[in-house]
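Per TrEMBL, the features are:
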SIGNAL    1-18  signal peptide
DISULFID  C21-C266  disulfide bond
BINDING   148-152, D193, N241, Q290, 381-382, 396-398, L406, W428  cyanocob(III)alamin binding site
DISULFID  C161-C204  disulfide bond
Amino acid sequence: MGCLGALLFLLGGLGALAQICEITEVDSTLVERLGQRLLPWMDRLSPEQLNPSIYVGLRLSSLQAGAKEAHYLHSLKLSYQQSLLSNDNSDSEAKPSMGQLALYLLALRANCEFVRGRKGDSLVSQLKRFLEDEKGAIGHNHQGHPHTSYYQYGLGILALCVHQKRVHDSVVGKLLYAVEHKQHLQQGHLPVDTLAMAGLAFSCLKLSNLNRNLRNRSTVALGRVQEKILKAQTPEGHFGNVYSTPLALQLLMASLRPTVELGTACLKAKAALLASLQHKAFQNPLMISQLLPILNQKSYVDLISPDCEAPRVLLEPATETPSQTQVPEFIHVTLKVSSTFLSYRHSVSVPVSSSLEDVLKKAQEHSRFTYGTQASLSGPYLTSVMGNKAGEREFWQLLRAPDTPLLQGIADYRPRDGETIELRLVGW
Ligand code: B12
């Protein structure tokens with residue numbers, strides 16, 4: 001082979017390599033540090049703090065938490081089965097939502113269990129019923145909206161699929177229609193997470209040979225999802241934003257259509273993700289749980305046949321570096337509320353690196369400001385401000401003035417000195 005031949009051979013090889021989406025050779029200490037951040041959350045076993053996504057993320061990662069992991073699954077089972085299988089309809093303990101039930105089923109599968117028996121059948125029927133209700137809410141002419149979201153709708157189909165449970169074609173049809181026709185699956189919010197979840201569900205159906213009548217439509221929709229996600233890549237390399245990139249990569253990794261464009265986009269996303277990791281952008285346990293699988297070249301679709309024997313590194317708790325007791329430095333943050341019926345503006349002083357939640361608490365103690373939250377798998381979700389609860393398809397948006405939506409919730413976002421944070425009631 002001449003020089004030119006050798007060069008072409010080499011380039012061909014590189015081209016082939018760059019066709020698939022892989023995030024390999026990530027520094028193992030970085031990955032371990034991410035895993036360590038999950039450990040304290042695995043000690044929180046109250047029903048509102050249990051998070052099946054943490055379990056799924058860990059089982060699809062290269063890490064394990066030893067006995068803590070088994071204990072966590074046990075607590076998940078007790079809590080979810082008790083609230084989902086009891087006939088007690090009182091609202092004393094809110095029942096898990098459709099998406100939470102779906103994540104619980106993914107957690108069982110991550111432990112190589114299939115739902116079975118009377119209890120298992122009941123969980124499957126409940127999830128199918130949830131999906132049927134949502135299908136009804138979307139309506140025959142697709143003009144309505146699911147009560148939860150298309151994200152949870154996709155998650156529900158995916159969870160049943162990894163358990164080899166078939167849903168009616170008309171249920172999958174609604175998600176296909178949304179991908180085919182809806183420009184913004186979620187208005188006012190980047191749709192990448194939702195598209196990725198829908199794509200993971202379609203990939204699972206294809207690989208599991210379910211809903212065969214919809215095979216061609218699913219293939220076309222998957223191509224569309226991939227195309228839209230690639231188009232949403234930012235100049236830095238994220239798909240949508242830093243926090244939608246993990247799910248986007250899960251979908252692209254499971255892609256059945258490798259192309260050179262895909263390989264290159266994934267390499268760029270990997271660089272952007274690694275930079276975000278260095279900047280400690282991943283602190284939230286839910287976000288870490290969506291990221292860990294891709295750092296182990298896995299996606300939720302791998303739950304079709306998970307490898308429960310794969311060796312995983314045992315996580316040791318992080319060693320605490322004792323913090324020096326210093327007089328805290330204070331910063332000023334202005335809190336602004338705007339909606340059609342109320343306006344509020346007040347500056348509060350809080351210690352450096354306080355969270356936005358600390359700012360809200362301080363404002364509540366020292367001015368006429370009031371707020372309410374609801375526990376979620378992502379942390380405390382702001383539900384009401386000054387007595388005004390967000391209605392159906394409305395939410396209290398968090399912005400850094402003048403107009404930049406925050407990429408983190410009230411517990412995770414740490415305002416800087418002099419910043420103005422606005423709470424704005426908007427529709428979605
Ligand atoms: C749907 C969705 C929304 C919907 C929720 C309403 C609904 N009925 O579903 C709307 C559009 C209102 C929304 C709002 C926000 N969201 Co949102 N949302 C999602 C999405 C796509 C799915 C959530 C879900 O259903 N999960 C599955 C179910 C089973 O879990 P769950 O905990 O029971 O779900 C509830 C919570 O997730 C809650 N929720 C939704 N978003 C957020 C964000 C935060 C920070 C918290 C604490 C709770 C929360 O609403 C869900 C339904 O009740 C995720 C994507 C993802 N990758 O996870 C982003 C996501 C969680 N959201 C995000 C953000 C940043 C926000 C906002 C803070 C944006 C803003 N600047 O205002 C606000 C929340 C503000 C507040 N009031 O506290 C980020 C969080 C990143 C992070 N660092 O944690 C994500 C990952 C999207 C992204 N890629 O940026 N969101």
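In case you wondered, yes, glycine gets a Cβ from its N, Cα and C as well.
Nobody curates TrEMBL annotations by hand; they come from automatic prediction.
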Within 10 Å of the Cβ of C204 (disulfide bond), how many other Cβ atoms can you find? Include all protein chains, please.
25
Rank aside, I only need the closest one: which of the disulfide-bonded residues C21, C204, C266 has its C-alpha nearest to that of L398 (cyanocob(III)alamin binding site)?
C266
Could you work out which of the recorded positions (C161, C266, L398) has its C-beta surrounded by the smallest number of other C-beta atoms within 10 A?
L398
Count, for each of the binding-site residues Y150, Y381, W396, W428, the other C-beta atoms lying within 10 angstroms of its own C-beta, and report the residue with the smallest count.
W428
Near ligand 1, which of the recorded positions C266, Y381, L398 have CB less than 6 Å from any of its atoms?
Y381, L398
What is the nearest of the recorded positions C161, W396, W428 to C21 (disulfide bond), using the Cα of each?
C161
I'd like to confirm something. Which of the binding-site residues, Q152, N241, W428, has a Cα closest to the Cα of C204 (disulfide bond)?
Q152
In DSSP terms, helix, strand or coil for W396 (cyanocob(III)alamin binding site)?
strand
How many Å separate the Cα atoms of N241 (cyanocob(III)alamin binding site) and C266 (disulfide bond)?
14
